[in-house]
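I have placed the structure first, in the form of structure tokens, so that the comments after it can refer back to it.
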Amino acid sequence: MARSEQQGLQVLSALDAAKTQWYHFTAIVVAGMGFFTDAYDLFCISLVTKLLGRIYYTDPSLPNPGTLPPGVAAAVNGVAFCGTLSGQLFFGWLGDKLGRKSVYGMTLILMVICSLGSGLSLAHTPKSVMATLCFFRFWLGFGIGGDYPLSATIMSEYANKKTRGAFIAAVFAMQGFGILAGGIVTLIISAAFRAAYPKPAYQDNATGSIGSEADFVWRIILMLGAVPALLTYYWRMKMPETARYTALVAKDAKLAAADMSKVLNVQLEDESKKMEEMVSRGNNEFGLFSPQFARRHGLHLVGTATTWFLLDIAFYSQNLFQKDIFTAINWIHKAKTMSALDEVFRISRAQTLLALCGTVPGYWFTVFLIDVVGRFKIQLMGFFMMTVFMLGLAIPYHHWTTPGNQVGFVIMYGFTFFFANFGPNATTFVVPAEIFPARLRSTCHGISAAAGKAGAMIGAFGFLYAAQDPHKPDAGYKPGIGIRNSLFVLAGINILGFAFTFLVPEANGKSLEEMSGEAEDNEDEAREPKVQPSMA
């Protein structure tokens, strides 16, 4: 690939060649804490939905504790995804228009306000409590959505060429710690309240099994999501705009050099004159809906969006409904044999164990190997292994549900999470931040991520209904295809993800300008004056 004009901008070549420095780790933590908060906020709701059902929808005259009605459960679980999808598209576009840093703080402020608002959903009736909760969780999701394209783009534009994949993956890997933190926080709070206010099982005392204290538990859990976002805000505001945005989009090479001189601790020359020459040629300025973009990057965008869409159907349906699967295989006791806080404690314990053993290690395998193995191979392997383990769960499903075999099921189930994270869950986040032009990078990442959230909504809403027992569905639900057949469907979705991966290029070891075609355009433009005289 070309080196002439792109390398002529010293600030870009300095970033590509920079050794791993302290500012890289600072950027990982600052961007990653957003993902920590994102994951905590999005996944902790699945830990408290059964508690919400008990508090607001229990009829003491019935043999089993209350559960959220189907429509309410779908809304509470899925409304944040609707907000996230909207936020990914809006902030992705805004990040290319106003700059990455300019809108980076907005997302955190929104997350802080709405995390607190979620816990303060106060009203007199269950319907109004759920409506208020859904309102705040939509806007929480909107803020979370903005973090996807902005964090990925900022990290890719700060990183060097050699370890860029690992740095972007490390930002995303903080999601694993967020999921784990959600489980641990719920575990601690439910254990503390359970010890301070012991309650009987529902079957022994239906009304007494809940207690007024339980209403504080879910509120505290949701509100604590504001803490990491609040702690990160100051450091985000101190980060300079990325040099690639400043130089290639804002066309201010002088400011880009000044900002990166401080960051890299090297002296970079003012390249305003070179920048003016590049601007005067007006090369590589096509837009998102232009024929040039469709020709160069159309299939790439289809590939990144489709693979993320398919991955998230499987990933989020698994994550959000772990508690239902654990109950179905008898790893968590029947609801009526536990008090409200007992159930929260046991669900969070199971999900924390799974996150610790399967989810978190998978992310970090990707971090350490993505720049060695490459994005393409890791994504293919991940989709393939997820298919294998889902079929391994589905085919002998009746074997796994018999007493004594539950541990084997959980191990197999944990491997599907491991290969999702040491696979497409990480790579679908990394690649869109590397392969598109700087002026469209945040927008294209936002589009890809929004496609993923559309898949998450299908997983969240669809699995809720599809996984219902065909003979004994939960109260208020119609018979579904059951968990076993749902696992077969998810395995098929993973096979499709494997196939669509072939539309996505490998970015390992290449500069952002090489991948986006910006370097190639610059070379062609630089050569033109030299070629013309020889033809005369």
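A Cβ is built for glycine as well, from the same backbone N, Cα and C atoms used for every other residue.
Whatever TrEMBL says is automated annotation, not expert-curated.
What TrEMBL lists as transmembrane segment is 21-48 (among others). Same-chain residues lying 6+ beyond the ends of the transmembrane segment (21-48) with a Cβ under 8 Å from its Cβ atoms: 76-77, 80-81, 84, 107-108, 111, 115, 137, 140-141, 144, 147-148, 151, 154-155, 158-160, 163, 167, 170-179, 181-183, 185-186, 217-218, 221-222, 224-225, 228-229, 231-232, 235-236, 239, 263-265, 319-323, 344, 347-348, 351.
Positions annotated as domain 'Major facilitator superfamily (MFS) profile' by TrEMBL: 27-509.
Cβ atoms under 8 Å from those of the transmembrane segment (68-91) belong to residues 41-42, 45-46, 49, 52-53, 56-57, 103, 106-107, 130, 133-134, 137-150, 316, 320, 442, 446-447, 449-450, 453-454, 456-457, 460-461, 464-465, 476-477 of the same chain, restricted to positions at least 6 beyond its ends. The annotation transmembrane segment is assigned in TrEMBL to 68-91 (among others).
Per TrEMBL, transmembrane segment is recorded for 103-123 (among others).
The transmembrane segment annotation in TrEMBL covers 167-196 (among others).
Tertiary proximity for the transmembrane segment (216-235) is limited to same-chain residues at least six positions away from its ends with a CB under 8 Å from its CB atoms, namely 26, 29-30, 33-34, 36-37, 40-41, 44-45, 47-48, 51-52, 55, 105, 108-109, 111-113, 115-116, 118-121, 140, 182, 185-186, 189-190, 193, 341, 344. Residues or ranges marked as transmembrane segment in TrEMBL: 216-235 (among others).
Taken from TrEMBL, the feature transmembrane segment covers 298-316 (among others).
As annotated by TrEMBL, transmembrane segment applies to 353-373 (among others).
Beyond the ends of the transmembrane segment (380-398), by six or more residues, the same chain brings 311, 314, 409, 412-413, 415-416, 419-420, 422-425, 427, 483-485, 487-488, 490-491, 494-495, 497-498, 501 to within a C-beta distance below 8 angstroms of the stretch. Look at TrEMBL and you will find 380-398 (among others) tagged as transmembrane segment.
Feature annotation from TrEMBL assigns transmembrane segment to 410-431 (among others).
The feature transmembrane segment is assigned by TrEMBL to 443-467 (among others).
Within the chain, the transmembrane segment (487-505) has long-range Cβ neighbours (under 8 A, six or more residues past its boundaries) at 299-300, 302-304, 306-307, 310-311, 313-314, 317-318, 375-376, 379-380, 383-384, 386-387, 390-391, 393-394, 397, 424, 431, 435, 466, 481, 515. What TrEMBL records for 487-505 (among others) is transmembrane segment.
Taken from TrEMBL, the feature region 'Disordered' covers 512-536.
Annotation comment: TrEMBL describes 515-526 as compositional bias 'Acidic residues'.
Against the transmembrane segment (353-373), stretch 410-431 shows more Cβ pairs under 8 Å than any other of 298-316, 410-431, 443-467. For the transmembrane segment (298-316), the list of distant contacts is 81, 379, 383, 386, 390, 420, 424-425, 428-429, 431-432, 435-436, 444, 447-449, 451-456, 458-460, 462, 490, 493-494, 496-497, 500-505: same-chain residues at least six beyond its ends, Cβ to Cβ under 8 Å.
Residues of the same chain lying 6 or more positions beyond the ends of the transmembrane segment (443-467) and with a Cβ under 8 Å from any Cβ of it are 70, 73-74, 77-78, 81-82, 84-86, 88-93, 95-96, 145, 148-149, 152-153, 288, 297, 301, 304-306, 308-318, 320-321, 324, 428-429, 432-433, 436, 477-478, 480-483, 485-486, 489.
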